[in-house]
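Chemist: First, the structure itself, so that you have it in front of you.
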Amino acid sequence: MKQIPNLFTLLNLVFGCIAIVMILQTGETIVVMDDGGATQVMLPERITWGALFIFAAAVVDFLDGFLARLMKAQSAMGEQLDSLSDMVSFGVAPSMILYQLLRISFAQEENGLDVSIAALLPAFLFAGAVAWRLAKFNISTTQKYNFEGVPSPAAGLVVASLPLIILYNKFNIQALFINKWLLYATILLLAYLMVSKAPFMALKFKDYSFKNNQLKYLLVIIGIVAAVTLQWLAVPVVFIVYAIVSQVTKEPKTLSTPSHS
């Protein structure tokens, strides 16, 4: 029974591996058009499935920590497994999405098929930042109610939302999210936020009372409203709100024990 949380952690890893396979396959191409019928983006269908598997990995990543605390099965082993799985699901897999989106972006330009690999390498800066962030978390003794740097799952989900925003949005902004300069800026911003010492609120509930979790419940409400009105665009919007709220609020930093987080 004590190993059940670890099984969920390994499922996180499996979903991350499946995501990578999906993202790197070509398969059928989805042509995304604006309201006028003009082609804006040609997107490999399976990249969207890869993005969905990253979201599935995030769900089981939450469940493994929840079950570990519920079953009192927190352990140093679980913590290490969790970080290794997160590296794949929220580091490598999102980097593959960024790589593919950059490749697609350049392919739409003149002589775009001859793009230098150097122009695509920044995609892997994201994976490097995730590795740094996870290593820093593993050796830290103070990141319990506050994190130093944005958590890697949050950054990974922002990236995973990009192909889904391109495919499913009602605002005709598909071309914006395939723009190479926006992609480069996204990579740099998320990488910086992960390795920085900026405080970010941990989304763990100390208990379920409204008084002690007002900001967390507020984020949940904003997330639900945004999902209904903005569809997948809600992910980066909620991330921005989360980042702002984290910077304007302070929660105590207390010593943490080895956890399945």
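Placed from the backbone N, Cα and C atoms, the Cβ positions cover glycine too.
In case it's useful when we look at the structure, here is the feature table from TrEMBL:
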TRANSMEM  7-27  transmembrane segment
TRANSMEM  47-67  transmembrane segment
TRANSMEM  112-135  transmembrane segment
TRANSMEM  147-169  transmembrane segment
TRANSMEM  181-205  transmembrane segment
TRANSMEM  217-245  transmembrane segment
Chemist: Return yes if the transmembrane segment (112-135) and the transmembrane segment (47-67) have at least 3 CB pairs under 8 Å (sequence gap of 6 or more), otherwise no.
Modeler: no
Chemist: Would you kindly list the residues that approach the transmembrane segment (147-169) from elsewhere in its chain, counting only those six or more residues past its ends and only Cβ-Cβ distances under 8 Å?
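Modeler: Result: 30, 32, 41, 43, 47-48, 50-52, 54-55, 58, 61, 86-87, 89-91, 93-95, 97-98, 101, 126, 129-130, 133-134, 136-137, 140, 177-178, 186, 190, 193-203, 231-233, 235-236, 239, 242-243.
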